[in-house]
Amino acid sequence: MNTATGFIVLLVLATVIGCISADFQGGFEPYEEEDAERIFRRSPTCIPTGQPCPYNENCCSQSCTYKTNENGNQVKGCD
């Protein structure tokens, strides 16, 4: 057995022992639904005044109107 093969065998053995140890410590228990919601919950955000807006409901002011930008183009922006 050469050095590379021995290293691979030790790496696999350490991985197997680590997985068994994690399983005994509850490392592979599934998340509860509340935990998943807490982890992936998005905080409510809104688009501030003067920024472009695709929809009215995303503006902090709940108002999105067409305005002329610095290039003379009509763009929707939050009021």
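Note that Cβ sites are derived from N, Cα and C of the backbone, with glycine treated the same way.
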Tell me, from Cys46, Cys64, which cysteine Swiss-Prot puts in a disulphide with Cys53. Cys64
Which of Cys46, Cys78 is the other half of the disulfide bond that Swiss-Prot records for Cys60? Cys46
Do me a favour and check the Cα-Cα span between Cys46 (disulfide bond) and Cys59 (disulfide bond); whole Å is fine. 5
Quick one: of Pro52, Asn69, Cys78, which recorded positions lie within 10 angstroms of Cys60 (disulfide bond), measuring between C-alpha atoms? Sequence order, please. Cys78
